[in-house]
Amino acid sequence: MIRRIQPRCNSGLTGSVSAFEVLKKKFSTDVTVPSPVTRRQFCSVSPLLRNLPEEESDSMSVPHRLLSILSKPNWHKSPSLKSMVSAISPSHVSSLFSLDLDPKTALNFSHWISQNPRYKHSVYSYASLLTLLINNGYVGVVFKIRLLMIKSCDSVGDALYVLDLCRKMNKDERFELKYKLIIGCYNTLLNSLARFGLVDEMKQVYMEMLEDKVCPNIYTYNKMVNGYCKLGNVEEANQYVSKIVEAGLDPDFFTYTSLIMGYCQRKDLDSAFKVFNEMPLKGCRRNEVAYTHLIHGLCVARRIDEAMDLFVKMKDDECFPTVRTYTVLIKSLCGSERKSEALNLVKEMEETGIKPNIHTYTVLIDSLCSQCKFEKARELLGQMLEKGLMPNVITYNALINGYCKRGMIEDAVDVVELMESRKLSPNTRTYNELIKGYCKSNVHKAMGVLNKMLERKVLPDVVTYNSLIDGQCRSGNFDSAYRLLSLMNDRGLVPDQWTYTSMIDSLCKSKRVEEACDLFDSLEQKGVNPNVVMYTALIDGYCKAGKVDEAHLMLEKMLSKNCLPNSLTFNALIHGLCADGKLKEATLLEEKMVKIGLQPTVSTDTILIHRLLKDGDFDHAYSRFQQMLSSGTKPDAHTYTTFIQTYCREGRLLDAEDMMAKMRENGVSPDLFTYSSLIKGYGDLGQTNFAFDVLKRMRDTGCEPSQHTFLSLIKHLLEMKYGKQKGSEPELCAMSNMMEFDTVVELLEKMVEHSVTPNAKSYEKLILGICEVGNLRVAEKVFDHMQRNEGISPSELVFNALLSCCCKLKKHNEAAKVVDDMICVGHLPQLESCKVLICGLYKKGEKERGTSVFQNLLQCGYYEDELAWKIIIDGVGKQGLVEAFYELFNVMEKNGCKFSSQTYSLLIEGPPDST
């Protein structure tokens, strides 16, 4: 469940000031202060700090309280200081140093607070301290603080900020060379830039060193070599190796290990081994780092056995594996399904006295999660804590990712809460995992996670928006997907192939092929190269729309653009031809596929078998099936189900059961469609007892029935009671009219008779099915029976099914009550139903009830932009309910909702044209 976050201040349009814009203004003001030492005032960093996010609304009260405490003697013994120390943040310290504080006290306090294990200075707190010290004429200690500031960089932004500040100090003539950068400072700065891969900035700093006539040393050159090698740019790195020799210096082990790393980054292992083998010849001992780089390179290339051989040879070279060496191998073995070998290495590691570190444990936890061994993963997390190792964000993310991939979102949320309870903040990756997980079942909850990200000032990235766009598209919310695309652009994020692939694929699946084609045609102008997935989606879309000729033209266009089709592309066309009854052409296309070097897949055979069976050509269909087996192409559940469905349709249940037996013999598990086909087959023959036997087999194998399975069983029970219905009335409508609660009770009793005890999932699917056919009266009775007689609490899916059914039947008061009940138990109502409900209430003149429902939705943690999109713009706005549009907009503003600039503009423009 998405928990409600406190409403934010509404500022209408939102925006941010670029860090670079702020940096440009950094030293724009001079203030001269009289002093016994001749000096000029150094500009405060406070303008920059004002643009940084504050951690608390009362962040300025903390610095003033600190100033009051520090102005007294023996301040370090103050009980008030000790009571507030855990709440002091770097932003508070930055603000404190910008106040009228004695510089010596500031230095002492800086040292005192840094002794607190929970506190870490930021580059901004150090910058504020530097400003204070420089303005008071300090020199020697400034060099020390500047080095500490450089070393404290935690991000690219920090590194660029520090670089700009150091340049200002270095070039400001007012300081009369007192604060010029010396070799140690230059090297530390290079090291900081190298950590974040800022090689262009490193090169500029190197050139500035030369301009300042500061002579580079071996450490300088090695940092340059290492910086380029981290990015795999060995050519540029080798230029600095040449400079080492030109300077009369000798490359050392750091130089060579960097080169080995660089070649491994480029996957040029031959060159890496060449450097490795030359090291002893150059009088340079090969160390553990060199070995580990090579072992890592071999592992990345999936040459794990060679990596293990090199690992064994380390001891012959009097080198001993480090924790990183072991971890690299353990990770690779885990990723190659060689987990027993990985565990043996962990055991060997501990026996040799090398303790696994956080990264080692993270690798093992990730591996256990990939095997769905979550209990063992949690045990390992506990072991870490017992051994005094504090899991980091990456460790928790491994668990969160594992849970989300298996649809266990609530467990993932529990891990996030555990992580936060240990003073670790979720990062972009954490939220991205949650968003991906929620998108599989409830995109509105995923949007709520985006809301939380923005609240906490965690920046969404391309992956965030791609996942949300994909989720909205899969839910059929294309308007929301397009708006997210615009928001993405507004935030300076560039949509990539994945963004558009998802949209094009979903549009095609929703039979909006022309719209998908228009989007596809716009990609060249956007600088995005169409890929095989996009072409395949369009080809499949045209085929499913019965436009096989257009699909062929798209294939030709694909080939003309040198985009090679894959087996999925051909399968889409073969399926289109088969659906059109053109089996001969489909077979010829299969032959063409083989000629260009693409082997037919299981899906290819299954598509052709399906057509043969549809044409009644059982012999050729079975012959192709046998060819699959003899050629080593293993038929899948879909292949077997194709036969079973056809046999059931023909009333040949013995043949269907025979195919089920073959399926099990060949190690293929029947799926939902397989069992449902058999249930329908027996039901159509009036053999309902056999149908319930199949339901029992289904449950025993762990395959949960769907709502359609239960509808099928209800249909057969009704047919036994009333006979088969004839006439023009659609089957679902007929079932809805005939179904009574007694029929559902009979179904439940039959389930118990056949040892299929109804559980929460059974009731959930049953209610979903009954709501789908529009029988709200029976659905409500089953809903009550489930709670009162079985003690089962309704799931969010059940509530939303009832809500949707109420809305479709225009029972708005009942729908409003369902919304109230959902919110009361912490469930999230589907926005599409809420849109229909609120519009319905306003149209009936019940605007107070409509406003009340909307007010309640604001407390649920939805992404506020999405609420505005779905309810106000696409709901009451497009329905021509102008008064409701402005009323609901006003409600959001009064509740402190904060919109993106794009959404705010749409709201200001007023209701869109009515449709």
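In case you wondered, yes, glycine gets a Cβ from its N, Cα and C as well.
Taken from Swiss-Prot as is:
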type   : residues : note
REPEAT : 182-216  : repeat 'PPR 1'
REPEAT : 252-286  : repeat 'PPR 3'
REPEAT : 357-391  : repeat 'PPR 6'
REPEAT : 427-460  : repeat 'PPR 8'
REPEAT : 496-530  : repeat 'PPR 10'
REPEAT : 566-600  : repeat 'PPR 12'
REPEAT : 671-705  : repeat 'PPR 15'
REPEAT : 724-758  : repeat 'PPR 16'
REPEAT : 759-794  : repeat 'PPR 17'
REPEAT : 795-829  : repeat 'PPR 18'
REPEAT : 830-864  : repeat 'PPR 19'
REPEAT : 865-899  : repeat 'PPR 20'
Q) For the repeat 'PPR 19' (830-864), what are the same-chain contacts with Cβ under 8 Å, counting residues 6+ beyond its ends? A) 2-5, 7, 444, 447-448, 450-452, 477, 800, 803-804, 806-808, 810, 812-813, 815-816, 819-820, 823, 870-871, 874-876, 879, 881, 883-884, 887-888, 891-892, 895, 897-899
Q) Other than its close neighbours in sequence, what residues sit by the repeat 'PPR 10' (496-530), given a CB gap under 8 Å and a spacing of at least six beyond its ends? A) 462, 465-466, 469-470, 473-474, 476, 478, 481, 485, 488, 537-538, 540-542, 544-545, 547, 561, 563
Q: Could you please provide the mean pLDDT value for the repeat 'PPR 3' (252-286)?
A: 93
Q | Contacting positions for the repeat 'PPR 18' (795-829) when only residues 6+ beyond its ends and CB under 8 Å are counted | A | 1-2, 442, 444-445, 448, 760, 763-764, 767-768, 771-772, 774, 776, 779-780, 783, 836-837, 840-841, 844, 846, 849, 852-853, 856-857, 859-862
Q: Write out how many residues of the repeat 'PPR 18' (795-829) are helix, how many strand and how many coil, based on DSSP.
A: 26 helix, 0 strand, 9 coil
Q: Please indicate, using numbers and ranges, the residues of the same chain that are 6 or more beyond the repeat 'PPR 15' (671-705) and have a C-beta under 8 Å from a C-beta there.
A: 637-638, 640-641, 644-645, 647-649, 651, 653, 656-657, 660, 663, 712-713, 715-717, 719-720, 750-751, 753-756, 761-762, 765
**Q.** Distal contacts, the repeat 'PPR 3' (252-286) - CB-CB under 8 A, six or more residues away
**A.** 218, 221-222, 225-226, 228-234, 237-238, 241, 244, 293-294, 296-298, 300-301, 303, 317, 319
Q) Which sequence positions outside the repeat 'PPR 17' (759-794), separated from its termini by at least 6 residues, show Cβ-Cβ distances below 8 Å to it? A) 704-711, 714, 732-733, 735-736, 739-741, 744, 747, 751, 801-802, 804-806, 808-809, 811, 814, 825
Q) According to DSSP, how is the repeat 'PPR 10' (496-530) divided among helix, strand and coil residues? A) 26 helix, 0 strand, 9 coil
